[in-house]
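Enquirer: Sharing the feature lines straight out of TrEMBL:
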type     : residues : note
DOMAIN   : 6-456    : domain 'NADP transhydrogenase beta-like'
TRANSMEM : 6-23     : transmembrane segment
TRANSMEM : 35-51    : transmembrane segment
TRANSMEM : 86-106   : transmembrane segment
TRANSMEM : 118-142  : transmembrane segment
TRANSMEM : 162-179  : transmembrane segment
TRANSMEM : 185-205  : transmembrane segment
TRANSMEM : 237-256  : transmembrane segment
Amino acid sequence: MSIAIELAYLVASIMFVMGMKLMNKTKSARQGNQLSALGMLIAIVATLVQIEAISFVEIIGCMVVGSAIGLYYANKVEMTKMPEMVAIFNGFGGLASFSVALSDYFLRTDVNMESIELVTIISIIVSVFIGGLTFTGSLVAYLKLNGNISGSPITFKGQHPINLMLFIGFLTAAVFTVMDQTDPMLIVILIVIALVLGVLTVIPIGGADMPVVISLLNSYSGMAACATGFILNNNVLIVAGSLVGASGIILTQIMCKAMNRSLVNVLLGGFGQTVNEVQGDGPTITVKEIGVEETAMLFDGVSSVIVVPGYGMAVAQAQHVIRELMEQCEKRNIDFKFAIHPVAGRMPGHMNVLLAEANISYDKLIEMESINDEFPSTDLVLIVGANDVVNPAARNNPQSPIYGMPILNADKARTVIVCKRSMGKGYAGVENELFGYPNCLMLFGDAKQTITKVVSEMKEM
């Protein structure tokens with residue numbers, strides 16, 4: 001039986017790796033997801049057949065309840081709420097590892113009265129720390145994204161020293177736990193510090209920087225699962241956790257680069273705090289407005305269009321009407337594409353998910369590095385709800401807080417139309433120089449309502 005179990009784990013691990021490989025391309029991402037899910041099913045079945053402490057009736061009952069809850073929320077939650085769902089999933093992953101580690105600890109010390117091996121007790125401590133931090137950190141991220149608490153950075157004096165003291169306190173308690181495994185107060189101290197650190201690490205991070213935070217918390221959940229694998233001596237859990245942890249860290253680094261931030265800054269917390277403007281008041285930007293009819297006329301007379309979506313598109317839920325705009329343009333043989341910035345939205349791939357929900361082909365979604373050279377030859381760029389990621393100050397103004405951040409070169413197009421509610425600043429708190437450019441026109445109003453009117457005008461032409 002043990003050989004069959006290990007073989008099943010090996011097959012599951014191979015499926016995980018192959019699934020992640022398939023996820024590298026949008027066309028094969030669905031198959032990659034399905035293959036990984038099948039691998040996880042094999043791993044779960046292989047694990048359950050070894051369990052003797054509980055009956056299959058109890059196991060199946062738990063699986064049915066869990067599956068029912070999952071199906072309910074899968075059908076209920078809208079695509080615009082995906083960032084919140086991902087945050088919750090990360091939190092549950094951390095909570096699962098956290099709970100398993102504690103269960104194993106108390107089973108060994110209180111029930112079986114046995115000494116825990118050094119590798120195992122260290123793994124328990126690591127799992128408690130990362131799992132607890134991931135759980136409460138993900139809850140804070142969810143509450144920020146869902147609007148239950150302020151999405152702005154929440155800071156207080158001495159925040160970083162307090163975090164450092166708590167971390168040192170955790171390490172100290174961890175050392176004593178290794179030396180005295182039977183003292184329950186030590187493990188309670190570890191639990192409390194881990195949970196508190198999760199909250200304190202995420203509250204100073206602003207809502208607009210959630211893509212990096214969610215990616216990092218996803219990595220943490222993988223690390224916690226990997227540590228739990230060492231506790232349970234479960235190879236497939238170690239492999240799966242390592243894959244999630246490594247991929248999450250890599251994605252975090254990519255997104256930090258896309259925002260010109262350091263990974264150390266994210267790990268220490270305080271990421272995304274509002275930077276004080278050093279530009280002074282500066283000259284007032286004079287903008288040129290454009291109406292719905294004029295916008296429709298511009299679309300009717302161009303040969304190439306690039307749409308730059310941002311978080312404002314998600315808020316307005318304008319993805320479906322943008323698809324209608326694309327269809328009207330394609331009827332006129334207009335080349336129509338989408339430029340995707342890595343950190344647009346509130347989670348990794350947020351814009352991709354929303355546009356896919358509107359049945360927009362993956363081929364239309366072009367990443368920043370691939371499309372930036374096309375802007376100078378593009379007739380019209382429509383910016384929907386994006387701000388800092390198209391601000392030329394990131395290239396031109398060394399005094400700007402966002403200087404050095406890679407941006408979409410929308411300003412280099414022949415004509416730029418910015419669809420936004422008002423002249424409000426982006427998350428970085430700086431004026432967008434693009435709005436005052438001679439080739440930039442402002443289309444004010446709710447994105448969904450405004451673009452709907454533009455589409456109606458185009459249909460009548």
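Glycine residues also receive a Cβ, built from the backbone N, Cα and C atoms like all the rest.
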Enquirer: In terms of Cβ proximity under 8 Å, which residues at least six beyond the ends of the transmembrane segment (237-256) contact it?
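Expert: Apart from its flanks, the transmembrane segment (237-256) reaches 9, 13, 16-17, 20, 40, 43, 211-212, 215-216, 218-230, 262-263, 265-266, 342-343, 348.
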Enquirer: Please determine whether the transmembrane segment (35-51) and the transmembrane segment (6-23) are in contact (criterion: at least three Cβ-Cβ distances under 8 Å, sequence separation 6 or more).
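Expert: Answer yes, regions in contact.
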Enquirer: Please compute the mean pLDDT of the model over the domain 'NADP transhydrogenase beta-like' (6-456).
Expert: 87
Enquirer: Which sequence positions outside the transmembrane segment (118-142), separated from its termini by at least 6 residues, show Cβ-Cβ distances below 8 Å to it?
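Expert: Long-range Cβ neighbours of the transmembrane segment (118-142): 84, 87-88, 90-102, 104-105, 149, 170, 174, 177-178, 181, 187, 190-191, 194-199, 201-203, 205, 210, 213-214, 217, 220-221, 223-224, 227-228, 230-231.
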Enquirer: In the same chain, which residue numbers or ranges, 6 or more beyond the ends of the transmembrane segment (86-106), come under 8 angstroms Cβ to Cβ?
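Expert: 116, 120-121, 123-124, 127-128, 130-139, 141-142, 145, 187, 191, 194, 210, 214, 217-218, 220-222, 224-225, 227-228, 231-232, 347.
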